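Here TrEMBL flags Glu69, Asp96, Ile98, Asp99, Asp223 as Mg(2+) binding site.
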Amino acid sequence: MSEATHRAAVAERAARAGGVVAREAFRGDLTVESKSSPTDVVSNADREAQQQVLATIAQEFPGATVVCEEDVPPVGVGDIEVAETVPEAGPAWVVDPIDGTANFVREIRFWASSVAAVVDGDPVAGATAMPAMEDVYTAGPESVSRNDEPMSVSDRTDPAEFAIGTTGRWSTSDPEGPSAIVREVLERFGDIRRFGSIQGLLALVAAGGMDGAIMPDPPNAWDSLAGVHLVRRAGGRATTLSGARFTDGDDSLIVSNDTRHDTVLEAARAALSE
């Protein structure tokens, strides 16, 4: 087994483990706190799931560098080094224990536990577990699957048949921003949807259920890297608004099945220039 294949297996195991903890807490009694806004929340389940993910990684990779969404010390999980940003050199792990916490605390099933393995800042493996949906998406150095079955992006070419997703924190103080995205997408494509979980949306693009996605805000590493790897391994494309290959730290993320990527970019640019 190659090193990258090993990391893909551990990423899947860790995402599943975090998902088990989160699933047990789902629709139960939660302690919920606000972070940057009333809709940006964290729960005790996020923290508990993250501890399980870190413990799983530490079993196979003691001393691993990990970038986590939740700012909690990795107590009792073995030898782990927590970093604030993805290192430019060497291996690291990127963890989002519950992506879509706002959905999770509202008892909506669309949320994910996500883990990416990166080397020199670029993802080499990624796994997104969606326990409430009974789906696990995994990508290694070459293969990509949903529930151990090969998957690929859609082969749709007619924009009228496309469903485009968007996500991010829509602000009531700037309703024109989301309105512009909806308008520009619907002028070019058949449908637009918003799910509340970036990793979940990226998994849907990778599996062919969605045909593209526009994420106008700078995505955090834990919100993007695992899903970007899924999309690319499934035959899709992930770029910035400029059309350059997306890498961690970029200010936007646009993905598609790659048959009409330029049109998705056109819609995003038109919306964000308003």
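Cβ atoms are placed via backbone N, Cα and C, with glycine included.
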Ask   = Fewest other CB within 10 angstroms, which one of the binding-site residues Asp99, Asp223?
value = Asp223
Ask   = If you count the C-beta atoms lying within 10 Å of each candidate's C-beta, which of the binding-site residues Glu69, Asp96 ends up with the smallest number?
value = Glu69
Remark   = Sequence-ordered list of residues in the chain of Ile98 (Mg(2+) binding site) that lie 6 or more positions away and have a Cβ within less than 8 Å of its Cβ, or none, is Gly18, Ala22, Ser43, Ala45, Asp46, Ala49, Phe104, Trp111, Ala112, Ser113
Note = Glu69 (Mg(2+) binding site) -> DSSP, reduced to three states, gives coil
